[in-house]
Ligand SMILES: [Fe+2]
């Protein structure tokens, strides 16, 4: 008799967790850190492995964690996509604007780069558009570098497709981007570089211009060209 009672007790204990799981409310979908699309040392020597590891594993993770925390604390934000949050960033608390921007910008940034061997060149269509807007690829790079070096403090420099279908260089402070309602120059980003010191300080220290020069070695032109074609097709 004692053995039967014990068996029943164990059976009920074993059943409890699955019952609890079945009755639990599903957890809201949380934003997650995307894996780097290459090894941390793939962008050497332009960007060193230690910088990439800290930048991705610590800085980007911190934006994701802070965004999840802020969204979980505000029922009005539940279920909104990252793109929806970014588009109305100016109406949201600073913690959401900054961390949604941080998550979007870095997710975009990792895919903007490739190893030097795979950097490639702009597609013919993008090369033509760059020449039309800036004169040449070299003059475009010089203007992009100037925008990046002039960004005071922390921020980003972008190549965007504007509403007029033209390419333009713009810069945003902090973790803002050209998709935000608050952006001075709005458009679809196809290329973006992170000019926060955390992106380059270990290797380049104060030499942001050298970082901006070296960065061209690891621009994934196939991806940038794909984004350009996509942006033009949506118009
Ligand atoms: Fe960053």
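The backbone N, Cα and C atoms fix where each Cβ goes, glycine too.
Automated prediction, rather than curation, is the source of TrEMBL annotations.
These come from TrEMBL:
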type	residues	note
BINDING	55, 106, 194, 198	Mn(2+) binding site
DOMAIN	31-114	domain 'Manganese/iron superoxide dismutase N-terminal'
DOMAIN	123-227	domain 'Manganese/iron superoxide dismutase C-terminal'
SIGNAL	1-22	signal peptide
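Sequence-distant neighbours of residue 55 (Mn(2+) binding site): residues of the same chain at least 6 apart with a C-beta under 8 Å from its C-beta are 106, 194, 198, 199.
Take the binding-site residues 106, 198: by the count of other Cβ atoms within 10 Å of each Cβ, the lowest one is 198. Note on the domain 'Manganese/iron superoxide dismutase C-terminal' (123-227): its mean pLDDT in the predicted model is 98.
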